[in-house]
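Accompanying notes for the structure given below.
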Amino acid sequence: MRDNFRALRSALPTARIRFAVKASPQPEIIRLLADEGAEFDVASIGEIEQCLGLGVDPAVLCYGNPIKKATHIAAAYAAGVRRYAFDTESDLERIAEFAPNSEVECRFLASAPQSQTPFGTKFGCAPGEAVHLLVRARDLGLRVVGPYFHVGSQQLDPAAWRIGIEQAGAIAEALAVKDISVTAVNIGGGLPISYADPAPGTTELGEVIAAAMAESLPEHTELIVEPGRALVGNAGVVHAEVVSVRKAPDGRRWVYLDIGRYNGMAETENEYIAYRFETGRDGDPLEEAVVAGPTCDGDDVLYQRTRVLLPTTLQAGDPIRILDTGAYTASYSSVSFNGFPPLAVTVIGAERE
Ligand SMILES: Cc1ncc(COP(=O)(O)O)c(C=O)c1O
């Protein structure tokens, strides 16, 4: 994680790096990244309390979830949080009322290509609306930071950030006409990692982002980047076990694990993320397998269409490692669905810190 953080820092030396806590809200991770100088994107009062409980300065927290209750904004403000993101006028008005004089970023829906785990149109206003809302933010006595977009998680196309930054540049220009100077652009997360398929690296992304910033925004504009997956994804491994193997009536081999969609493998929904598997029998002949979780639920299948090759010799009781599972796994685990417990997390190496 430290290497990931430092690689991003050297790819974007002037950027403020804000870790999206939801990707892995582990105390050791939050402490390590705080020591490295990270800021934190928090999605809820729970995440705010988690960070504050670990000694993180509330000044470096941004309540980035555009969906929040007035009572939660008030609680965040009381806890010292002074940075908020929004994408609707009603949320903006709640921030003005319950978190007066705070910094605000307006999330717009960038015209970026679809990512591997897309948000669709759930978040973000139209770019033109962002101009209107940021003017309103100023008029409500809030401190305007600037436009904010997220190109969708595990975004494989570097052009997505160029497109978003160009749109942010147009918003900044329109705001300048209204005497509002954008202080920073938040380009969100979405930075990908390599799973079964390779992803563009941090250096390549950094070059595209830096070039687009230089092209589209005044030199003094700060850059905020908000990664989750790219900082923690390759730092985790899920240790699972094969519960059974069978040939189904359709002739396909099914491999059932003791964890599945509801125990951390949420991102296999729609087969969005193709994880890699490692077994003690690697090296034996391989054959395709459908990989499924243990619950009595038809949706608890990790891969039906994605081609997964596993050793023909694999059998019940074998350990199986699911690689690069440090992001969006343990924190996405359901609470005892079908009576199967959430993923337990063991942090290795923290004792050396
Ligand atoms: C507001 C916000 N910022 C940042 C992120 C991090 O995205 P990623 O893990 O793709 O970098 C997310 C992920 O859902 C998010 O919701």
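Glycine residues also receive a Cβ, built from the backbone N, Cα and C atoms like all the rest.
Residues or ranges marked as domain 'Orn/DAP/Arg decarboxylase 2 N-terminal' in TrEMBL: 3-232. Look at TrEMBL and you will find Lys22 tagged as N6-(pyridoxal phosphate)lysine. The active site, proton donor annotation in TrEMBL covers Cys296.
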(request) Please name the residue among the recorded positions Lys22, Cys296 whose C-beta has the most neighbouring C-beta atoms within 10 angstroms. (result) Lys22
(request) Translate the DSSP assignment of Lys22 (N6-(pyridoxal phosphate)lysine) into the three-state scheme. (result) helix
(message) When DSSP is mapped onto helix/strand/coil, what comes out for the residue listed as 'active site, proton donor'?
(response) coil
(message) Measuring Cα to Cα, how many Å separate the residue listed as 'N6-(pyridoxal phosphate)lysine' from Cys296 (active site, proton donor)?
(response) 28
(request) Take the domain 'Orn/DAP/Arg decarboxylase 2 N-terminal' (3-232) and average the pLDDT across it for me. (result) 98
